[in-house]
């Protein structure tokens with residue numbers, strides 16, 4: 001699987017997300033996890049940088065955005081939206097509440113999102129989450145996968161959806177017959 005081929009990346013993640021209820025749980029949980037994690041990470045300064053705007057959260061948002069832009073032009077839309085939502089959310093929260101309270105709340109929201117997703121996999125998908133096979137890929141790709149699920153639901157990029165579903169179907173079949181999924 002090539003790292004910068006969108007179809008391959010989406011197929012990997014899709015292979016773990018065929019159940020509609022599980023996908024719906026992820027459509028809510030993934031954005032909450034991403035935003036709350038970035039909110040908490042914005043309170044963590046980067047070493048060697050004495051700048052309040054250069055922190056773990058801004059570096060993470062930039063990393064996600066760059067990867068998404070390399071995968072597909074839709075990333076050019078996702079990056080500004082992700083950065084803007086995180087920026088305005090954090091500035092509003094940090095202006096109104098103590099930083100420690102914001103971070104604790106964000107981590108609690110993140111934990112709730114994770115629990116919901118594990119329930120989705122255990123109860124509805126009946127398969128372990130993708131992160132057990134490839135942690136980094138699953139964490140980085142989940143938000144973009146959800147974005148594309150919305151794009152597909154709106155009727156766009158049908159050719160990509162068909163290719164993704166076909167490749168994911170092969171991955172699931174291979175998994176079920178006991179082959180190692182790559």
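Don't overthink the numbers, they just go from 1 along the chain as shown.
Cβ coordinates are placed from backbone N, Cα and C, and glycine is handled just like the others.
Per TrEMBL, the features are:
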{"type": "TRANSMEM", "residues": "21-44", "note": "transmembrane segment"}
{"type": "TRANSMEM", "residues": "64-90", "note": "transmembrane segment"}
{"type": "TRANSMEM", "residues": "97-116", "note": "transmembrane segment"}
{"type": "TRANSMEM", "residues": "136-156", "note": "transmembrane segment"}
Close approaches to the transmembrane segment (64-90) from elsewhere in its chain (Cβ under 8 angstroms; 6 or more beyond its ends):
4, 6, 9, 34-35, 38-39, 42, 57, 102, 140, 143-144, 147-148, 151
Residues sitting near the transmembrane segment (136-156): Cβ under 8 Å, six or more positions beyond its termini, same chain?
9-10, 12-14, 16-17, 23, 26-27, 30-31, 33-34, 64, 67-68, 71-72, 74-75, 78, 82, 129-130, 164
